[in-house]
Amino acid sequence: MFYREAGQFKTSYKADQALMPILQDRVGLAVILIIAFAVIPATANDFFLTSIMIPFLVFSLAAIGLNILTGFCGQLSLGTGAFMGVGAYAAYKLTSIFPDANVIVMVLLSGVFSAAIGAVFGLPSLRIKGLYLAVTTLAAQFFLEWCFIRIPWLYNYNASGAIEVPHREVFGIVASGAEATPLARYFIVLGITVFIALLMANVLRGRIGRSWMMIRDMDIAAELMGIRPLRTKLMAFAVSSYICGVAGAMMVFFWLNAAEPSSYSIRLSFQILFMVILGGLGSLSGAFMGAAFIWILPVILKFVPGLMGIDLAAETIEHATFMIVGALIIFFLIVEPHGFARLWAIAKQKLRVWPFPY
Amino acid sequence: MLYDIFIDPFVQMYDMPDFFLQVLWEGFVAGILYALIALGFVLIFKASGVFNFAQGIMVVFAGLTLVGLNENGVPAYLALILTIGVMGVLAYGVERVVMRPLVNQPDIILLMATIGLTYFLVGFGEFVFGGEPKQMITEQLGLPTGSTAFEIGERGLVILQHIDIAAAVIAVLMVAALGIFFNKTRIGRALRAVADDHQAALSVGISLNQIWAIVWFAAGLVALATGIMWGARSDVSFALEIVAFKALPVLILGGFTSIPGAIVGGLIIGFGEKIGELYWGGLVGGGIESWLAYIIALVFLLFRPQGLFGERIIERI
Amino acid sequence: MNAIVKEKAVAPEPAAETAKREVLLKVDNVSLSFGGVKAITDISFDIQKGEIRAIIGPNGAGKTSMLNVINGFYHPQEGTITWQGKVRRKMKPYEAASNGIARTFQNVALFKGMTTLDNIMSGRSLKMHRNFFWQLLWHGPAANEEIEHRKKVEEIIDFLEIQAIRKTPVGKLPYGLQKRVELGRALAMEPDLLLLDEPMAGMNLEEKEDMSRFIVDVNQEFGTTIALIEHDMGVVMDLSDRVVVLDYGKKIADGPPEEVQANQDVIDAYLGVSH
Amino acid sequence: MRNFKQLALGTAVALGVGLTGAMTTAVQAQDANYVPLLTYRTGPYAGSGIHIANGMHDYLKMLNERDGGIGGVKLVTEECETGYNAQKGVECYEATKGKGALVYNPYSTGITLQLIPKAGVDKIPVLSMGYGLSAAADGKTFPWIFNVPDTYWDGASVVIKYIGEQEGGLENLKGKKIGYIFLDAGYGREPIPLLEQLSEKYGFELLQYPVPGAEMQNQSSQWLNVRRDRPDYMVMWGWGAMNPTAIKEAVKIRFPMDKFIGVWWSAGDDDAAAGGEGAKGYKAMNFSGVGSDFPALDDIKKHVIDAGLSSTDAETIGGTLYNRGVLNSVIIAEGIRTAQELTGKKVITGEDMRLGLEALNLDEARLAELGLKGFAHPMKVTCDDHAGSHPVFIQEWDGKKWRQASGWIEPMTDLVRPLLEAAAAEYAEKNAPWPARTEPCPN
C-alpha cells in the first residue's frame, strides 16, 4: 500500500536511468542518510561510534570493494585482507613522508598502491578461473603478509614491528591519532564510504559496470562482443583493490590506531568474503547488510545475556556467539541463498502487492 | 648472488647427503600430512561438488573429541570408537540440516554454508572441550613414539620418527581402503555415479542423501586420522585449523576430484616447500613456507590451468 | 602460416555467376582439428554482401566450428580467411566485434544476471567510449552517451516487440524470448556480418515464423549480411539466398537452395548413406 | 514458515535488547573499584591465555572474599574476551572504559600498541606485564604505560648472560653459535637488535629462525635448519601453540634440551609437558613464583576454588602462567592500595591508579606480608623506570614440573637502558607531536 510505484511515470530515459527510479526508495535513502549524518552523531555514545558504526562502515566499504571483483566481475578473491593491508601501509608511509599533507587525501591516495598490486595479482586471472583463481589470491595474501613483516621500511623500522597512526589535523580538527574524537573519525569514515559507494553506483550502471557483469555472466560471449577480458578483469581487480586499500587504511587510521601485520591476515579476508556473500553477490546495498550482520550482530549479541539478567562467563558468550552466527549463516543461506539484498527485494515485492498477494 | 641461487644449494645437497635425505624425508612426511587433509576435501567435492571449508575444523574437532573423551576417563580405544560415532552423527546432521536444503545451489553458496558450519563447530568445540590445546594420546592409542637413526657415512645421520612412518602407513592404507571402497562396493559405484552426474544417478535410483551422508562420514574419518597425526606432531588446538589452508594448493595441483591427485599434489608441495625453505629460503631471511606452497601451485597453474590431473579444457560455445 | 598468406594476394573477383555482389568474407581451404580430431577439412566458400547465407549439415558436421572460425574464436591450422578484401591475421576473439561480426549462440549465451535492457545495451559496449573517470562522475558526458545509445537500443526493442520485458532479468524469460533478446543484442552491435547459430532451435511454429520475419527484416531493412545455421529445411530454403552443406567436416555442396536440395550427396548425407 | 517468523521475531527482539545495551553502556556503581580484564580463553592462543586469565581473576576474587576488597572497597572485575584479536581488543576497551576502568592489561602486543597513545588521552594507565612495547619502560616518555617487571631487551640480555655463565664467562662466547627461534611478528623481532649488538660485542654468531604465525604448528623446516647449522644454544621467543611444537621438534632432532632456553612466555607447563620425557632439561626464563607453595595461593584455593567461585582446575594452580596471572593481579592490587594511600580516597580513578602504579614499591617485606615470599623479585617503580625490577631467574623442566634452576640474574642494564631511551625518543619523534610529560611524580 505504501510501497507502490503506480502513478510514477518516467518521461525520459534520463529519469529511467536514475539510481533509484522509485520515489519511496529515494525517500528511504534520504531517511537513512539523515540518520547516519544527523541522528547517530547527535545521540550515540563513544562505544556505539567506535565499536559499532566505524567498523561497520569500514567493513561495508571493504565489502563493496570485494563485491566489485567477486559479485560484479565474478572473480573469487581470498586476498582482500592483504590488499587492505597494502592500503594501510601505503597510507602510513605517505603520512610519514608528507607529514603536512591532508590525512584524508593520503588515505584516498593509498588505494592507488593497492590498486597497482591488486592488478599485478590479477594478471593470472586471464588463464585461471573459479576456485583455481582463489589460490592466486591466497598467494597474494600470504606473500604480502610476509612482506609486511619482512620489509622494515614499510613500518619505518619501528622496534614494535607495527604501524602506529600519527596525530594529524584536518582544517584544525584532529582527524587521526589518539586525540581524534570518535565523532570526527565517524564523520570522515562515513563521508569516504558514502562518497565511494555513490561513485561505484555510477560506474556500475554504465558501460564499465556492464562489461564486468558480462564477464561474470558469460565470459566467452562477452569476449566475442568485443570485451577485452584481461583489460576488463584487471580493471575490476584494480578498482576493487583500490576500494579495499582505502578501507584498510581507514581501518588503521580511524578505527584501530595501530596495526600489526596480523591485523590484515587471512581471517580478515574471510570476514569480508562472508559479508559479501551473505549480503548478496552483486549488490551494493547487500554489502552494507552483510557487514552489519557479520560485525554488528556479534557485538550486540554480547549484551543480551547481561541485560536479561543472566550471568555468563565472557568465553561462554563468545562460544555461543560463534555458534549462533554459524547457525544463522546456514539458516539465511537456506532461506535465501542470494543474500540479504535479494531478501530485501522480495520483501519490497511483497509490500508492493500488499494487501492483495495476487 | 647468482652463485647463491644457482650453485650453492646443490653444492650443499652434495656435501651433506645425510641432511639432504633428511630434508626429503621431512618433505615426504609433510606431503603425506597435507595429502591427508586434501583427501578429506576431495571426497566431499567428488560426490557433491562442495568445497568443504569446514574440513580443517573437522580435523580439530575430531582430535578434540578423541582427546577430550580420554581425559574424562574413557579408555583410548573406546574413545576412538566413540569419536568415529560422533563423526557419523556429525555427517548425518550436516547432510540433514545443511546439504539437503541447499541441494542444487551454486558452488559459492555451498562453500559459504560450510563456512557457517566452521563457525558453529569452532564455538561448539570450544564450548564443550575448552580452548586449551590438548596432548594427543599417542601412546594410549598404541601408536609408536620413538625414533630410529640411520648412520650414513662418517658422521651422517638420518632420523626417522616412528610416528611419521606410522602416518605414512596409515595414509597408504587409507587411500587403499578408499580405492577398494570406490571400486568394489555397491555404494562406492553409486558414489562414482553421483560424482559423474547427479541427475543421471538419481534417475537410476541412487539416493543422493544417503551418498552424501556416507561421504561426509568418510571425510570425518579422514579428518580423525589427520587430527591424530597432526596432533601427535604438535598438539590438538584450534590453531591447527590454519594448517588446513595448505590443502588448497595441494588440491589445485592434484585436481579437486582425484584421490591420487591429492597424494601426488601433497607430495609435490611437501617436497617443494622443504627443499625451497632449506636451500633457498635463507636468501630472503627464511620463513617463506607460509606462501611458497601457493607460489608453487600458481606456477603449475599457469602452465596447466586445469591442474595436474584435470582433463584439458576445450572451451565450447 | 601468415607469411604464405601474404604472398597470395587477394584473389580476383570470382566467376561471373556469383559476382553479382561484393564478397564480404571468403574462406579458403580451412582445416581445423582438436588434438588430432579433425573438425573441419579443407573447406572453402564465400559470403557476399547483403545475402543470407545458410550453413547446413547433419549433427557433428562442423557447422558451429565453422562459425567459431569465422568470428575468430577458433584458429584454423590451415587455410585463410579474407574479410572485406583483406586476408585476416590470427586475431583475438574480441577483435571480431570491432571488425563488425556479431553472432548468436546455439545454447543461448545471454548474460543471465542482467535485464533485457542491459543485455541489449551490452551490445553497444564497443561504441561507447567515455572513460572510467567520466563514468565515476556519471552526470554529464557519461549519462548523455548512455541516453544516446539507449535510444538506439529502444529502437531495437521496438523492432523485436519486446517492450514489456525490458526490465526483466533474462534468466526468467522463456526460451523463445531469450533467443529474441539474443538477436537484439547482436543487432545492437550494428554488425556488417551477423552469424546466427540455430536461431530457431526449440521453437514452436509461431515463434519460428516471428523469428523468420525478424531475420528477413534485418536483412532487408538494415542491409545486414547474415550467415545462419539451421536444421529446419523449410526455413533454410525459404530464407537463404545460397546454401553451403557440410558433412563430417567436409563441404559437399554449395549453391542456391533449389540446386542444393537436388544434390545427391546432400540427400545421402541427410539419409545417412554410409561412406 | 511459522517457525521462520518466530525465529525472525526472536532474533529481532534479541537484537533490540542488545542494541539498547550497546547504546547505553551502564555506568558503574560508585562504591567499588572497577578493573576490566581483557582476556582470551578462545582462539589460537587460548592455551596460554586461559591460565593467565584464571590467575588474574582468582587473586582479585580472593581479595574480595577474604578481605572484602582493597581498603574496604570491593573490586568489581569484568572479563572481556579478546581472542588475541586486535579488532576485539579495541571493542573491549571501548565497552569498558566508560565504566570507570582503573587499568588495562591487554595481554597482546597488538592491543597494547593500540592503547599506548590512548592511555594518556583517556587517563587510564596500561599495565603490560613483561610484554608490549619495551621502550615504554621509559616513564619520562610514557607516563601512562607500565611494563613491570621486565622488557624483552632485559630478557634477551639475561639469556646471553646465563649462557655466558654456563660457558664459564661471557668472554667464552667467542666463536659460539646461538640460534634464535621466534614468532615472526613484532613480538619475536623486538629482541633482535639487542641480540645483534651482543653478538658483535661478545663475538658469538647469531642464527635466526623465524616461524610464521600461520605455520606455528608446522616447524619441521626451522628445526631441520637448526640441525644443519648445529648451534650451541637455542633461544626461543614463542607463544601459544608455537611453544609445544618447537619443544617437540627439538626433541625430535635430538637437540640437547639443557641448551634450549625460552623466554618467559615459552615457560608454560603445557608447553614443556608436550615434549614428554625428552623435554627434560628444557629451560625458560621466569619472573613469577614456581609451584603452589605460597600462603596466598592457599587462600585462593580456600576462598575461591573450594567455594566454587572460579572455573580454574585446582591442579593448574602453581603453573607458570597461572602464577604469572596472579602476579599481574598482585601488581594491580598493590597499585590500587598505593593509590588509596597517596590520595586518601577509597574509590579511585584511572589518574589515581597511575600515581599508585608509579609509586609501587613491592619489597620483600610486603611480599611476605601478602603471603608471597619469594614469589617475585622486589619491584620498585620510579618515574624514570616503569619496569621497576628487571632481574629474572631460569627455571628447568624436570619431566613433570618446573623447578628453579638459578638465582635472580640482573640484566645488562648498561646496554639495555640506552637502547630503551633511544627507542622511546624515536617513538615520540615518529608520533609527533607526542605530549611531553606533565603528570606529577609521586616519588
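Start at 1 and count along the chain as shown; that gives each residue its number.
Cβ atoms here come from the backbone N, Cα and C positions, even for glycine.
Through the fold, the transmembrane segment (A:27-44) approaches residues 20, 53, 183, 186-187, 190, 194 of its own chain, all at least 6 residues removed from its boundaries and within a Cβ separation under 8 Å. Look at TrEMBL and you will find A:27-44 (among others) tagged as transmembrane segment.
Under the heading transmembrane segment, TrEMBL lists A:50-69 (among others).
Under the heading transmembrane segment, TrEMBL lists A:104-123 (among others).
According to TrEMBL, the transmembrane segment annotation covers A:130-151 (among others).
Summarising the annotation, TrEMBL assigns transmembrane segment to A:183-204 (among others).
Among the features that TrEMBL reports, transmembrane segment is placed at A:234-256 (among others).
Among the features that TrEMBL reports, transmembrane segment is placed at A:268-297 (among others).
Same-chain residues lying 6 or more positions outside the transmembrane segment (A:317-335) and placing a CB less than 8 Å from one of its CB atoms are 274, 278, 293-294, 297-298, 301-302, 305, 343. Positions annotated as transmembrane segment by TrEMBL: A:317-335 (among others).
Among the recorded stretches A:50-69, A:104-123, A:130-151, A:183-204, A:234-256, the one sharing the largest number of Cβ pairs closer than 8 Å with the transmembrane segment (A:268-297) is A:50-69. The stretch from A:50-69, A:104-123, A:183-204, A:234-256 that makes the most Cβ contacts under 8 Å with the transmembrane segment (A:130-151) is A:104-123. Within its own chain, the transmembrane segment (A:104-123) has Cβ neighbours under 8 Å at 75, 79, 83-84, 86-88, 90-91, 94-95, 98, 136-137, 139-140, 144, 170, 175, 188, 192, 230, 233-234, 236-246, 248-250, 253, counting only residues six or more beyond its boundaries.
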